[in-house]
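What follows is a short report on a single structure.
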């Protein structure tokens, strides 16, 4: 059965998806790194983004291993990779919805206290439910080789499991579908509230012109977080299309273009979030540029200190310097250097 239905993963698809995994790994790491080193960025919305990035980081690592290996049997490393990716992927769904719920309560309901009180609940659901589902799937021997039917080389629900469709739903798809329904509604409500608030305050803008930006109703980072649901849907839709084609028994799910889009979509959320909330966020981008400039300046100073002995000292003429340079060159030619 597996041999008949197996979806071939071509080398070009492997390379593209591995690059996507690498970018997502770097992007998620950068989000976590900036949150750790700059304490003034540790707001609750960005902390939720960090939790999402941890899930995306795990997904990128596990997917990269699966794409690199392209499993063909129910080996131990296949089961381990499938379990980690199942947990991380499902957790990513929950944290994406959790961020939208937090923003809805914080912005639309104007209650930061209630929104912050939900964080513990988010942890229990976003880590606990995926962990329980994954443990149950592993214990019941449901995770393993899936012939890339709804994956791109990595392992997920065993293709030989008689109830594999049920477990595909439990280990990801049902939460993905619920996210498709929940996120647009919350997103529209948030955007409508922001639009209404801006319109209501338009006549008072001259009075509020000198108000510090830090006291605004929501920061630019909070506004950008509303784009997470859109990013989620655009990236995840290809996986959903392949799943529907599998249920319909269509061989179109094996189309190389669709397989590649599926691989890119499932592994790119960390990279997309990094672009939105690090590279396109001016305060963080400015700090990163400043840090890079400092590193470049430090390297230049080190190089300058290394070059200093070769400069002319006061009272030293060019002939003396030339003689020292020749001595150094001879020493180098003989197999040692003069420092």
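Please read every residue number as a count from 1 along the shown chain.
Cβ from N, Cα, C; glycine included.
Keep in mind that TrEMBL annotations are predicted by a computer and have not been checked by a curator.
Under the heading domain 'G-protein coupled receptors family 2 profile 2', TrEMBL lists 13-170. Per TrEMBL, the feature domain 'G-protein coupled receptors family 1 profile' maps to 27-277. Look at TrEMBL and you will find 306-339 tagged as region 'Disordered'. The transmembrane segment annotation in TrEMBL covers 15-36, 48-71, 83-106, 118-145, 165-190, 225-245, 257-280.
Packing against the transmembrane segment (165-190) from elsewhere in the chain are residues 86, 89-90, 93-94, 96-97, 100-101, 103-104, 107-108, 133-134, 137, 142-143, 150, 156-157, 226, 229-230, 232-233, 236, 239-240, 243, 247: each is 6 or more residues past its ends and has a CB under 8 Å from a CB in it. When each of the listed stretches 48-71, 83-106, 118-145, 257-280 is scored by C-beta pairs under 8 angstroms to the transmembrane segment (15-36), 257-280 comes out highest. The stretch from 48-71, 118-145, 257-280 with the most CB pairs below 8 A to the transmembrane segment (83-106) is 118-145. Sequence-distant contacts of the transmembrane segment (118-145) (same chain, six or more residues past either end, CB-CB distance under 8 Å): 2, 44, 47-48, 51, 55, 71-75, 78-79, 82-83, 86-88, 90-91, 94-95, 98, 101-102, 105, 155-159, 161, 164, 167, 170-171. Computed over the domain 'G-protein coupled receptors family 1 profile' (27-277), the whole-number mean pLDDT of the model equals 87. Listed by sequence, the residues of this chain that lie at least six past the ends of the transmembrane segment (48-71) yet keep a Cβ under 8 A from its Cβ atoms are 9, 14, 17-18, 21-22, 24-25, 27-29, 31-32, 35, 77-78, 81-82, 84-85, 87-89, 91-92, 95-96, 98-99, 102, 119, 122-123, 126, 145, 148, 151-155, 225, 228, 263, 266-267, 269-270, 273, 277.
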